[in-house]
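The following features are taken from Swiss-Prot:
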- 1-19: signal peptide (SIGNAL)
- 97-117: transmembrane segment (TRANSMEM)
- 139-159: transmembrane segment (TRANSMEM)
- 173-193: transmembrane segment (TRANSMEM)
- 208-228: transmembrane segment (TRANSMEM)
- 230-250: transmembrane segment (TRANSMEM)
- 368-388: transmembrane segment (TRANSMEM)
- 397-417: transmembrane segment (TRANSMEM)
- 440-460: transmembrane segment (TRANSMEM)
- 499-519: transmembrane segment (TRANSMEM)
- 535-555: transmembrane segment (TRANSMEM)
- 568-588: transmembrane segment (TRANSMEM)
Amino acid sequence: MRIHFFAFLIILSLVGCDGWQADVGKLVRKWNNQRTIDGNDIEKCIPDDGEQCTIQAGWNSTQVCEYVKCNDDNCEGGGYVLWTRYVECASSPAVRIILIITGVIYMLVLFIMVSSAADDFFSPSISSIVAHLRISESVAGVTFMAFGNGAPDVFGAIASVLSSPTPKADLALGELFGAGLFVTTMVLAVTIFTRPFKAEVFSSIRDIAFYLVALAFLAFCFVYYDHVEIWMPITFLGVYLIYVCTVILSQILHNRHKKDEEKVDEVKTVDTDSLEDDDDIYVSHGHHVLHAHEVMKMEAEIEAVEPLKTWSFRGVVHDFKEHLKPWPSMDEWDEMNIFQKVIAVLNTIPNFLFKLTIPHSEQPWSKPITLLQCLICPVFLLFCIQVCSISPFPNSPGLWMYGLILSVLLTAAVLFFTELHKEPPFYKSLISYAGFLMSIAWIYLISSEVVNVVTMLGVVSRVSHEVLGLTILAWSNSIGDLIADVSVAKQGYPRMAMAAAIGGQLFNLLIGFGLPFTIAKIQGKSISMIINPTYRLLMLFLAISLIFTLIAMFAQKYFLRRIHSYSLVFIYISFFVFIGLSLDDILVWN
């Protein structure tokens, strides 16, 4: 139990660091720009409005380029490749068009990569953790997946609030509302469409009820106050504390009920003739729902990789080849269609990098591979969250040095305290947590690059900030939620995906509003809270989507069918119809 507790704390703390990815990356790039720009260039800089990338209609290409260079903290999405700068500073219109097309193709490849990372590495790690801790799907959804999916939004809100001398609650909440509406409608709709399932009654009602209470409390604050009082964010933190206690209590009661059921031994006979007649048997392997032929392939692959007996150059090379090969087997290749073969070819290099940097709990023990991953993963994790060059203390080396020290310590521990041909105790359990952490890091690294491309498309198209925030930015910020939730749903955990979709956004709202504004009020900052018609519609349709899901669950006797997903999509489309009417002043909400 002690191992479970410390492993859980380590994962929560490190996954939380992933949330700083976009904002820390922006701050680091902005600081580097200020160091490299000389006095003459500073005069060329066109200041921004402090909130968004605002390009005026009358600017020429040189002014736009200088503005983007000086304000890449707002004009870029937080990744390493600065697409907005490349496009806006292109030497000719032809180069500009080529860069835009290249960016779109790059984004499509990134979608293939993030899908592979989620399906082949993130989901197996989640499955192993659920089996190891023996927790229900709903608890796993509102803990591991909620923290993993929600960390960027929460820490992004903290960074934006603390970096501003006069933070605005409506701007921070607008981002949380936009992501919340998209996830509770579109992401949940795709999850249900992927795998219709019977919802967990108590946990679903609990999550929706807490979410509606939080929205009602915010509506009360917006109606009667135009600024944030310190008791408001503290109340949100208190609500989240009550929510956590409710989750823990429900898990305790669930475990007791499960033990009572296990006391009753029921022996069920199986008709062997029916099994022989079944063309395609479904089995559970490592908590993944697999076809019989898939299990035979997996077992054949595992049996083909024999543990290394002695240290030899040829043996180590062969071990690397068997564990890190990024291409499918000949049997799998023959069964693929043309589209799948193209995807497999495009995914060859990414798959090799994934296997090199993400420990996999379903792979057999390999000491050389484990040594290599211990050496690479800590520093690569810092690279993913863009903090390698950050110095934690004055006059201290960057975090990359501390990561390198950790790599050496882990490598030495594996080298001296494990055997070559024998898997150490607790290896599968520990490797599941490490795989979860590294797959989350990869998903956020890829998602940040997608956000960069999407932000570039938004800046180039010159759409309004409200439309950009409600569409492109909301969608791009929720890519990780969409990929992770759909992935675990396909692997046989749709209830976990639903719990993550609703519970994760509840976590974002309660902590994303409660924590940063509590800190800001303690610092003595004045925080305005004036809601505009767009945010009112956001809150209204977010409440409508939650109430509809609650009522539809009872109407369908808790089995969520595809008609439910169609209805959620209709709600989301209706929201944009009302937004369009509001922006055109056809619908006026004073």
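Each residue, glycine too, has its Cβ placed from N, Cα and C.
Across the candidate stretches 97-117, 173-193, 208-228, 397-417, 440-460, the maximum count of CB pairs under 8 A to the transmembrane segment (568-588) is reached by 173-193. Of the candidate ranges 208-228, 230-250, 368-388, 440-460, 535-555, 535-555 has the most C-beta pairs within less than 8 angstroms of the transmembrane segment (173-193). Within the same chain, the transmembrane segment (499-519) packs against the transmembrane segment (230-250): three or more Cβ pairs sit under 8 Å, each pair at least 6 residues apart.
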